[in-house]
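Student: Got a structure for you, written out below as structure tokens; questions coming shortly.
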Amino acid sequence: MQNIFDEVGSLDRKCYEEFALSEDLLMEHAADGMADFIKSNYALGATVLVVCGGGNNGADGLALARILHKDYDVKLFMAKEAKSEMAKLQLLRAQKVDVSFVDQLFNAEIIVDAVLGTGFNGELSSELLQMLETLNNYKAVKIACDIPSGYKFNADYTLTMGGLKKSLFEDKVKDIVGEITVLDLGVAREIYETDSKIKLLDESDLQLPNRKKQNTHKGSYGHLAVVSGEKTGASVMSAQAAFRFGTALVTLLSNENIHAPYEIMQSHQLPQSASAIALGMGLGVEFSQSELERFVSNGHPLLLDADIFYHPLLSTLLGKKKVVITPHPKEFCEVLRECKIAEISVEELQQSRFEYAQLFSKHFPDVTLVLKGANVIISQGEQMFINPYGSNVLAKGGSGDVLAGLIAGLLAQGYAPLDAAISGSLAHTLLAKSYKGADFSLTPIDLIDGICKL
Ligand SMILES: NC(=O)C1=CN([C@@H]2O[C@H](COP(=O)(O)OP(=O)(O)OC[C@H]3O[C@@H](n4cnc5c(N)ncnc54)[C@H](OP(=O)(O)O)[C@@H]3O)[C@@H](O)[C@H]2O)[C@H](O)CC1
Ligand SMILES: [K+]
């Protein structure tokens with residue numbers, strides 16, 4: 001896991017005040033880090049166009065141009081006049097070593113966007129937008145200094161200074177930021193950073209339900225009850241996913257007999273040995289409120305998904321302990337509305353996912369939220385985790401049912417809700433990532449079949 005920060009200015013100030021470092025020193029390390037990245041990946045002599053703004057983002061770019069000059073065919077383009085003190089100083093330094101300046105953009109082999117960084121605010125002028133569009137249309141390798149300017153520069157790589165910024169993980173910029181690398185600024189990251197309540201998950205954070213002891217039996221690995229309504233396909237896929245993911249016993253709770261694999265049991269009553277319940281997938285209106293209340297009256301960990309977000313029982317269920325909910329954005333808007341937290345559109349949610357996830361968790365600190373998206377947000381209380389491995393491969397009916405089964409299966413096996421949410425979500429996205437077929441062709445069964453290879 002890595003820390004993610006709302007801002008890093010306070011971390012810079014810590015360097016000045018506690019480590020006797022200076023803004024100039026941090027900037028030189030930032031520029032050095034970018035130079036090292038380019039030298040490690042691109043042949044000497046390549047043409048490099050560094051486009052600079054007037055602030056310290058531009059100053060980073062000017063310092064980079066000076067460092068690369070002569071080893072690379074570097075050209076500097078000033079999009080705005082140097083304005084900050086550091087930008088003026090870095091401009092002077094670049095001029096003193098005769099770095100070439102150009103007044104026209106051109107299709108260099110490497111383009112570095114050092115126009116706007118964390119100081120960007122408001123809207124981009126049409127002139128700047130036009131310039132960024134011109135750069136986007138070039139075939140060059142595109143590198144964003146710290147953050148892509150105004151999030152309108154389509155970066156292949158974002159080399160971000162000091163620490164990860166939360167804005168880099170909004171869904172709306174997932175196709176903009178490219179591959180993100182953190183550059184150290186003269187001290188190790190663990191010295192530069194403070195602890196943060198927002199963490200970026202890594203594949204290594206997946207805790208598989210591997211079996212350790214031999215002296216066990218099928219009762220040792222949980223019993224998941226999946227409430228199955230009219231649309232049985234959804235609950236059957238959840239049940240299969242849970243079974244594949246180590247849950248030794250899985251029962252479909254239904255009033256009808258369901259066509260399901262032999263290994264999935266069926267019952268009209270909640271099994272005595274049930275250790276978790278999954279509710280919502282394909283629920284429809286088959287069960288009365290009192291039947292559902294009876295199922296959930298025993299304090300078992302609960303996985304809530306899909307139809308239950310539109311059910312009058314939702315608020316009651318959210319008040320229970322050990323609850324994990326797995327809404328997609330549209331369902332989350334319904335949850336926010338139903339719980340009288342916010343009345344927003346999906347577009348408004350997608351513009352401020354972190355804020356609304358935090359708002360929900362403030363209202364329901366014991367509920368673990370898994371907000372689906374390109375970057376999955378997992379939130380519980382004040383803690384927030386970002387799973388950056390979401391992919392468009394999962395944009396298929398049934399993917400969510402599999403996710404529900406993965407998480408519910410881990411709940412049934414005794415995982416704490418947050419651990420079940422993190423590992424279930426990571427397993428889900430890694431299954432999609434390891435899918436070998438065409439990106440449009442994945443089916444939920446492909447995900448389930450891939451579980452044995454995790
Ligand atoms: N630890 C770190 O992250 C470090 C980061 N460094 C670099 O510093 C920049 C932040 O520098 P700052 O000077 O605060 O801001 P920027 O350079 O990003 O932008 C300020 C300039 O941008 C202009 N601006 C702001 N909004 C707009 C807009 N909507 N349209 C056009 N121009 C805009 C602003 O102009 P004004 O006229 O408004 O003043 C400024 O000129 C950070 O991103 C890193 O690259 C340090 O180098 C090392 C530590
Ligand atoms: K930038």
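Any Cβ shown, glycine's included, is placed from N, Cα and C.
In case it helps, TrEMBL gives these features for our protein:
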BINDING   56-60, 117-123, Asp146, Ala234, Gly282, His328, Asp401  (6S)-NADPHX binding site
BINDING   Asn57, Asp113, Ser149  K(+) binding site
BINDING   Gly400  AMP binding site
DOMAIN    8-193  domain 'YjeF N-terminal'
DOMAIN    201-454  domain 'YjeF C-terminal'
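What's the neighbourhood like for each of these?
Tutor: Close to Asp146 ((6S)-NADPHX binding site) in the fold, though at least 6 residues off in sequence, lie Ala30, Asn57, Asp60, Gly117, Thr118, Thr158, Leu159, Thr160, Met161, each with a CB less than 8 Å from its CB. Under the DSSP three-state reduction, Asp146 ((6S)-NADPHX binding site) is assigned to coil, being neither helix nor strand.
Summarising the environment of Asn57 (K(+) binding site), the number of other Cβ atoms within 10 Å of its Cβ, over all protein chains shown, is 26.
Secondary structure at Gly400 (AMP binding site), as computed by DSSP, is helix.
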Student: Which of these binding-site residues has the least crowded Cβ, counting other Cβ atoms within 10 Å: Asn56, Thr118, Asn121, Ser149?
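Tutor: Comparing Cβ neighbours within 10 Å for the binding-site residues Asn56, Thr118, Asn121, Ser149, Asn121 has the fewest.
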Student: Report, as a single number, how many Cβ atoms besides its own are within 10 Å of the Cβ of His328 ((6S)-NADPHX binding site).
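Tutor: Total other Cβ atoms inside 10 Å, all chains included: 19.
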Student: State the three-class DSSP label for Asp113 (K(+) binding site), counting H, G and I as helix, E and B as strand, and everything else as coil.
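Tutor: It is in a strand.
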Student: Within the domain 'YjeF C-terminal' (201-454) only, compute the mean pLDDT.
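Tutor: That region's mean pLDDT is 93.
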Student: What's the CA to CA span in angstrom from Asn121 ((6S)-NADPHX binding site) over to Ser149 (K(+) binding site)?
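Tutor: Checking the Cα atoms of Asn121 ((6S)-NADPHX binding site) and Ser149 (K(+) binding site) gives a distance of 10 Å.
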Student: Could you list the residues of the same chain, at least six apart in sequence, whose Cβ is under 8 A from the Cβ of Asp113 (K(+) binding site)?
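Tutor: Listed in sequence order, they are Val51, Leu132, Leu135, Lys142, Ile143, Ala144, Cys145, Pro148, Ser149, Phe153, Ala155.
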Student: Near ligand 1, meaning Cβ under 6 Å from any of its atoms: which of the binding-site residues Asn57, Asp113, His328 fit that description?
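Tutor: Listed by sequence, the hits are Asn57.
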